[in-house]
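Here's the structure we're looking at; comments come further down.
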């Protein structure tokens, strides 16, 4: 356990923590354990300093573990959508269910470490579970291994084991590092926690940038390489375990000392049970409901639990902040897939935008601590911890307000949402002269369609049922031709008009109903030649298209400039230049002629490319990261300052549970109330602002206390006389 001198240094670290709660559930305020701890040999030092050599293994272990966790989580939402073909709501729900589980399981790790195995063995055993989960998850991402049911089962089992592993070791590693220092080396311990914190953010920063590259830029099995994107984090977790075990002979290992969290839960449970059993008006009332635990628990423990419950009550509104914050890896990543990611010198993957959060946190902490907060203090404004946390909530709400605005702009390039008895149609005139198109019972295309005219947008067809046979009349150079086509509701069509054997002809073909997912481009070909062609866009695409205006299916390709394609005909092989196929666009490419060793083409953009740049997400990341610094770091420092030293582990449990509950809220909203994405962002904004008001009111009436003063005051309070206790039903209950 960490001794009294280390306690203050851990609080310093707690003020610098942001990515997650790192502090042990393991009785951080306990006195140094009795027994053989004092006779353990001293650990070798680093380069003649007072830093134990063992901490090098712990810091490297933490860096690798955080790389492993955040790297895997960065690509998780797109994995569900692209690999499992789940919809956005289900993918978001499962992502947040996993995140919630990661913040419920630290309680299990704390109980294992405090009551059974000790910190060292708990880290070892749960790290093995962690590694197994990663390996199962990586194997489940291999497309050739079984069907989708097998992939889903393997992935869910892997995610469960990962959640158990990462959550279980969370309350142990930082405290285990603190255990390595001797009591007189408090300044070194403080610096260790700073390095420990930096290793967390470094692992998060690097992994959230690298693993999306492994997913999107590396291809395996003919598609995005999720097996590699999960495999590299798995390898880092194996390395983390190996490094941690390698330092085994250098560690100072303390035996389990008992779990304060369990003791607090038992005390609260006993007080409630005792009060319910003694509801008679003849039994004297007590000043506080926790006083009903005095038959079996000491006055000191009851007083400390009272202090903790006051702070836990303030925690009640906090999950809403985390409900917004953790959507960076789900809803915001999905938003990025519908944006233009070309930054000129580099094309960013949509899931890479998450690296902005750890980067901004590292930048904001010194700016806030050394610049903003002192400046506010100079202005004589009392910027209390409650006000800082409320400001953090407001910033997060503003971030989601901006996300809603960005989403509205993104939707402007989306295909219209079709309703029953409605379809969309456009005309592609591939003839040499203008054509006037008239459709039965429809008032469309008032002007003739010019030859190779790129349509501005689709026109709406209103049907009289689920499907309808419509008569299309084409007027061309004084002649009129009629064609009948059956049109189905909620479908998108292109009417291609062309000349065949000296006369006008037409064909109704089905188009895409929505934008290609994940920023891909879709392209299809119409062969206007009198011979069959075989096309290659890149080395992996082979597309046969029949002669005389045969139409290929759609091919999904990465956004790129395709100027080295091939067109193989009966007369030879020719160069195919398609130009830029942009993010989220759908194209129809008509092969019109072959001359000069190259294929002549005409390209129509059926669905507009993503025209909102991904850089527009930067303001929302700036706001939510600033909100995290004000909310998370301040909240930890405040809550820990308001609790007795022996109860800090209980407060950490409560803090982590607010994160878990926040992720559960997103899961519920995604599944129970599906709505337009911009509307969902507005909903979360309004909810957080409402919760912020409630939290501010609660904070206004909260009276800040010094835990030591409250303990002294509690000691002076008179307790019910023993005579009053004799008649209580619960007197016989044993602890």
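Keep in mind that glycine also has a Cβ here, set from the backbone N, Cα and C atoms.
Record note: among 5-25, 26-46, 194-214, 194-214 is the stretch given as transmembrane segment by TrEMBL.
Note on the transmembrane segment (307-325): residues 264, 268, 290, 392-393, 396-397, 399-400, 624, 627-628, 631, 635, 639, 642-644, 647, 650-651, 654-655, 658-659, 661-666, 669, 684, 687-688, 691-692, 694-695, 698-699, 702, 705, 707, 710 of its chain, located 6 or more positions outside it, place their CB under 8 angstroms from a CB of the stretch.
Contact between the transmembrane segment (621-641) and the transmembrane segment (355-376) holds: at least three of their C-beta pairs are under 8 Å, each pair 6 or more apart in sequence.
In this chain, the transmembrane segment (149-173) touches the transmembrane segment (92-111); three or more CB pairs sit within less than 8 A of each other, excluding pairs fewer than 6 residues apart.
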